[in-house]
């Protein structure tokens, strides 16, 4: 006969399941709801994946978009003007393909990061600590919302540029109709004039899915960065206010000493978890960020070159101006996220050092010295251990892109 499960064990199992369901609601809360919906739409949500959904709705349009551009480069017979026109958009879309598949390959590690986020939210108990976590979660939400709105608006304008010529025919008519051009140079082996709207609809679907992938993965990285910055900020807050109301711990009872020891131990545990979170996050996104960095430089250099060459042709110029601005915003947000991690991880050291750690008993003092040593070197978000994402790094990429732009002009 099967042995009966004790009632208290059954109760623990039920409580555990209910707790897990409640924890999952964190990602459906207002702070992370948009990220949840974007990743779910793409079939990348770690807690629920649909292979058929990804193959039919995501992979086919995404890959077909890249293939048609590659075919155009192949059939151009080495025409540099055509290749330079294709490169900015193809580089961006190819970068998205790499992002998508790397994210999909690492989805179990992404799930582990999200599990750690749940643990962090349940780890801190005081009102002030929860408010700090909410503040940084709100910052992540605002980054996500602002970035999403801007990118989708830019995408819409980019696609609608196609209809400027017929609009101008109505406003300022000429003897003959202005020619409409597709937003992306691609090869479909079809008569573009005859099948213009069919090709255009395919491009709209492909660009929308490509941009959605870009937004979903970039904003998830922003959310991770804001979360771990919040974890560092909570540790800083706890260390800053430790012993604030007591000039010394010498007169405290044994129970109060134990509570103080637990307070510092929990701070160290939180700091250790934050360090491991950054390390794991960087290992997942490092090579993707490295390729993104290189693609950003290529894209901006070629776009600036095209703007210079096409200056005076407003419709074509607008397309490349929107691409440059999009790349700048994209790079700036990533650099700002990295800078936030640097600032708040280094702040732990200063808050711990500025406290009354020297007034604490020796056993607590050792713990405080340990956390000061570990926080002396700030955590960083790097691109393949080569480039550090921060505001200084942002200016470095800008200078590099400008330098390559000048090289392209010199060999024109």
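Glycine too: its Cβ is placed from the backbone N, Cα and C atoms.
Annotations in TrEMBL come from automatic prediction, not curation.
Fair warning: this is a prediction, and the values are worked out from it, not measured in the lab.
In TrEMBL, the transmembrane segment annotation falls on 284-307 of the listed ranges 284-307, 356-379. The stretch that TrEMBL tags with transmembrane segment, taken from the ranges 197-216, 257-276, is 197-216. Note on TrEMBL: of 86-108, 109-131, the range annotated with the feature transmembrane segment is 86-108. No contact links the transmembrane segment (142-164) to the transmembrane segment (55-74), because fewer than 3 Cβ pairs that are 6 or more residues apart lie under 8 A.
Taking pairs at least six residues apart, the transmembrane segment (221-239) and the transmembrane segment (319-342) share three or more Cβ pairs below 8 Å and count as touching. The stretch with the most CB contacts under 8 Å to the transmembrane segment (284-307), chosen from 55-74, 86-108, 197-216, is 86-108.
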